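J.: Quick one: structure below, then a few questions.
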Amino acid sequence: MAGCRGSVCCCCRWCCCCGERESRTPEELTILGETQEEEDEILPRKDYESLDYDRCINDPYLEVLETMDNKKGRRYEAVKWMVVFAIGVCTGLVGLFVDFSVRLFTQLKFGVVQTSVEECSQKGCLALSLLELLGFNLTFVFLASLLVLIEPVAAGSGIPEIKCYLNGVKVPGIVRLRTLLCKVFGVLFSVSGGLFVGKEGPMIHSGAVVGAGLPQFQSISLRKIQFNFPYFRSDRDKRDFVSAGAAAGVAAAFGAPIGGTLFSLEEGSSFWNQGLTWKVLFCSMSATFTLNFFRSGIQFGSWGSFQLPGLLNFGEFKCSDSDKKCHLWTAMDLGFFVVMGVIGGLLGATFNCLNKRLAKYRMRNVHPKPKLVRVLESLLVSLVTTVVVFVASMVLGECRQMSSTSQTGNGSFQLQVTSEDVNSTIKAFFCPNDTYNDMATLFFNSQESAILQLFHQDGTFSPVTLALFFILYFLLACWTFGTSVPSGLFVPSLLCGAAFGRLVANVLKSYIGLGHLYSGTFALIGAAAFLGGVVRMTISLTVILIESTNEITYGLPIMVTLMVAKWTGDLFNKGIYDVHIGLRGVPLLEWETDVEMDKLRASDIMEPNLTYVYPHTRIQSLVSILRTTVHHAFPVVTENRGNEKEFMKGNQLISNNIKFKKSSILTRAGEQRKRGQSMKSYPSSELRNVCDEHVASEEPAEKEDLLQQMLERRYTPYPNLYPDQSPSEDWTMEERFRPLTFHGLVLRSQLVTLLVRGVCYSESQSSASQPRLSYAEMAEDYPRYPDIHDLDLTLLNPRMIVDVTPYMNPSPFTVSPNTHVSQVFNLFRTMGLRHLPVVNAVGEIVGIITRHNLTNEFLQARLRQHYQTL
């Protein structure tokens, strides 16, 4: 068995020799490395913790509700709206800082290099120009990579991590202030360093961090700065603000508030309502107009004109006045757009496949090595990218005659060109007077300027240049995404796709004779096709692109192209963000399960090996349970016995638990008496028996299936009260799986808080003497609750008793063992649950379900077992 545990059985992952896997908990499966594909088996996986999106309605929370009236409710709602507005404004200011810094560094770099190239073209010292460009790029990339060493979670775009967070997975450090600082400064250095990355993706992460941290008014990174702000101290509230912040990030990046709202809905949040929709849209609007206000004032000096809605502006698409037959697009063009969507889906699937292999190589060979290796890899990517850009511009670029269109652009494009200096958009590197280098015009401009060139400058790029640019950019962008620098993928994908679309337009014009088609439209459709093939978003991306173009007539072709690209790409692999989520082993829950999973029931996927606590438990037992398990919640149970009165006489602790059990049993007669209706027709002895007797008698048990039986045996009751009577190998199956009446759930964080604050009572006293904590005191340490291993045991009396009933959740969501998996999945995902108890018909807990039991890989394993038992 040891051999099976230490290695992975590749030929028969679920065969008899690996039978031990079937008894492992979902946490063990995650730690030991179960993956969906055999080729991914060597990749490490991590036991991610879930977030508490379900509200715990315990006694402290009920006390808060009792003090709540309409006035306080309106005040709470008003504070939430103000916080949402502040999140939008702060996200817009973050975008303004990133954009201003990138422009400053990029203009400085290109200005120095362009002057050097112009001088060295005649003197023959181009190697010096290359060294200057390398000096700038390597310095910026080195700084970006160093920031990732400080906070590794700042690497990449952050969209996969935020998607996981909104799905209910706690990714360590993802919404910390230090992460925000490293992400913001890192992305401006990586973009300024000439890497083929974008700043729009990290803006989504930055907005999410602002949304998570601003309502707390405190930070782990700045522990001394604390405010007594009593609101929003739960994962449930933080999730809503993170959704708003992520949407604000999209809105600030693209000037698309509606698209940002739909992005947060489509890619992130598992729970949504009308009130949250309004707040998210308001937050997105606040971010968009904050950024627009300051950018318009800084760049044009016209404060309040609102001319630049986002970091990326596509400009207005408009045919030239001289071409009367030109149309933005016609019905005949839809056929070409569908074909481009298919090609974009294939290219996106290829991009994702190559990037996945690179990511797996990094996880095997780069990440296990010293952190300096990651910095060296980033510098290597920067070195190769810089050399390729410089050499391609010098060798592969064509010198083309500068036309009036190239010099000034059309009227719709004039505003954008003027804001960035007309002379900087057309590069004459290595070309004589009155000509320009088309390859250098794409490579030696910012990515946003290059996209605008492809969208609006007609006839400025040859097909050979576009093809070479696409190939080089495709390969280098694929290599760059995943390195240890903050990096986005939206703009590189748009630029790569725009080059592909312009290439298609040039071919149709030159070889098919469609001289009146608008090249900018094909560039936009190509950008949408490639981006859709990479990220596989449809609804939100359609709206984002429409808002960015400010042209509603593009709605149909963009939507058709994105749908075709997604369907084509899905035939081969998942979107790039889902690929990276899968490689990291995050237990992400999709929108729904496969149809065949309905063959399984809750009893097939639940974990029957339970670690539980009693309503009244000694501190010694609680500490033992907390220190020997990694579970984050424990069922609160009492044992189901018929001879309970025998044990109530000699043990006060057992007596307290049995009394709680009897008081918690609700009967129809007891409820009727509570409501004050007349019960005089019932004899008092009969009424007493009805109120106190057990809910139902148990049927004879079958020997074949002990896991689903709840039998009564003559064993010692409540063994978990005494650590020396904890489950042992000598116990029978009946003793291990004894019948347990379910009363509620208590979280690990709640138990540790009770121990830290000394909430307990002596056995000689009544449980009413136990100190009580308020809701504010229970949530004071949120989100960093104390750890049980940091607890000083010398300060605790192990014989003291803790009454957990006031602090447990007495009414969590539960399911029957016969509930189909699709119903379990929908309940778990839509309600944002962390634990789902499985309770039988007589109120006894028989198992518990976590998100690890609902992952696709776990369900596939259980489905294979189901087929084997048929």
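Every residue gets a Cβ built from N, Cα and C, even glycine.
Residues or ranges marked as phosphoserine in Swiss-Prot: S774. Summarising the annotation, Swiss-Prot assigns motif 'Selectivity filter part_2' to 198-202 and lists similarity to another entry as the type of evidence. Under the heading topological domain 'Cytoplasmic', Swiss-Prot lists 1-80, 573-870. Residues or ranges marked as transmembrane segment in Swiss-Prot (evidence: similarity to another entry): 81-113, 128-150, 176-194, 200-217, 277-294, 335-364, 371-392, 463-482, 488-512, 554-572.
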J.: Counting only residues 6+ away in sequence within the same chain, which have a CB under 8 Å from the CB of the residue listed as 'phosphoserine'?
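T.: P60, E63 - these are the non-local Cβ neighbours of the residue listed as 'phosphoserine', listed in sequence order.
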J.: May I ask whether the transmembrane segment (81-113) has at least three C-beta pairs under 8 Å with the transmembrane segment (371-392), counting pairs 6 or more apart in sequence?
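T.: When sequence-distant Cβ pairs are counted, the transmembrane segment (81-113) does not touch the transmembrane segment (371-392), since fewer than 3 lie under 8 Å.
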J.: Any chance the transmembrane segment (81-113) and the transmembrane segment (335-364) have 3 or more Cβ pairs under 8 A, given the pairs are 6 or more apart in sequence?
T.: no
J.: Report, as numbers and ranges, every residue of the chain located at least six residues beyond the transmembrane segment (335-364) whose Cβ falls under 8 Å of a Cβ in that stretch; write 'none' if there are none.
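T.: That would be 40, 42-44, 329, 377, 474, 477-479, 481-482, 497, 500-501, 504, 508, 522, 525-526, 528-536, 557, 560-569, 571-576, 579-580, 583.
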J.: Is the transmembrane segment (488-512) in contact with the transmembrane segment (463-482), using at least 3 Cβ pairs under 8 Å (sequence separation of 6 or more) as the test?
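T.: Checked: the transmembrane segment (463-482) vs the transmembrane segment (488-512), in contact.
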J.: Who are the long-range neighbours of the transmembrane segment (488-512) in its own chain, taking Cβ under 8 Å and residues 6 or more past its ends?
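T.: Contacts with the transmembrane segment (488-512): 157, 187, 196-203, 253, 312, 336, 340, 343-344, 347, 442, 447-448, 450-451, 454-455, 461-463, 466-467, 469-470, 473-474, 477, 480-481, 519, 522-531, 534-535, 576.
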